[in-house]
DNA sequence: ATGACTGCAAATCGTTTGCACGGTA
DNA sequence: TACCGTGCAAACGATTTGCAGTCAT
């Protein structure tokens, strides 16, 4: 919540301005515990800030993401969405039926499949684990 | 490779025909150890089968996938791709630099980050684990 | 004035759909 | 004859780009 400060500081220290639009977008992201798609974010903003364009939302998300302030989700078969927080690590549980995404970041091992099923009532049919980074060739930039 | 039989059997037993186009698509998928995007698949086919449309590739992939004959990949930031094999379980290692995708399906625990780095030369910066299935409401169909 | 930031419209990319034709049961 | 499968063109949804106007330094 008071992350807000971090966002502002990081933006400024990286040479970017904290415009009203960016402020609105950031505050909207921070006040949602769910991750939001660009569209959802835009819709939620239009009420109070009718003039904000979807394009600006995309550009801001791209910027914040690049600065490491956002966590980008893209579960198989679902829309791309973002939430506040560092990006290095997130886990989700997706419903292939209704698309619900349950975030369980913080818990790791794959053995938790069974306990997840017990706790959430999900019937888990498959999973996907993705590590990302830089390969031997790309490491040295 | 001689999976080919399985594909044919499954198709027929599910009430679908094994057309020349489908045969070509299946054989192309089976002969690649990499996972392929619809576009890549189409390009690779056009040489020998100039008349196959991209749409047919999409429709066939969708069909085979629905029959459980394919494994669908969609790493964060990469294109959607498919390879032969059951879908319930796959792991990949993606290079954020060049897009290379290393498949390491078969090995599970997250603790393998370090050993993966050692073995592949990757610098791993983040990961994502996704379980999917059906939530309490969707389980009963 | 300069450069950053924005909004709009148009372009692009991957994917899906509508439709009419062709082959086969 | 009735369908299934196909190709083509068009529709679509998400995202990106070009461009010209605006704002703050």
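Including glycine, each Cβ sits where the backbone N, Cα and C put it.
What TrEMBL lists as Fe cation binding site is B:89, B:127. According to its DSSP assignment, residue B:127 (Fe cation binding site) is in a strand.
For the recorded site, residue B:135 (Zn(2+) binding site), the DSSP three-state label reads coil. Every protein chain shown contributes to the tally, and the Cβ of residue B:135 (Zn(2+) binding site) ends up with 19 other Cβ atoms within 10 Å. If you look up TrEMBL, you'll see B:95, B:98, B:135, B:138 marked as Zn(2+) binding site.
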Specify the nearest of the binding-site residues B:95, B:135, B:138 to residue B:127 (Fe cation binding site), where nearness means the distance between Cα atoms.
B:95
Could you check the binding-site residues B:95, B:138 and say which one's CB has the fewest neighbouring CB atoms inside 10 Å?
B:138
If you draw a 10 Å sphere around the Cβ of residue B:127 (Fe cation binding site), how many other Cβ atoms fall inside it, taking every protein chain shown into account?
22
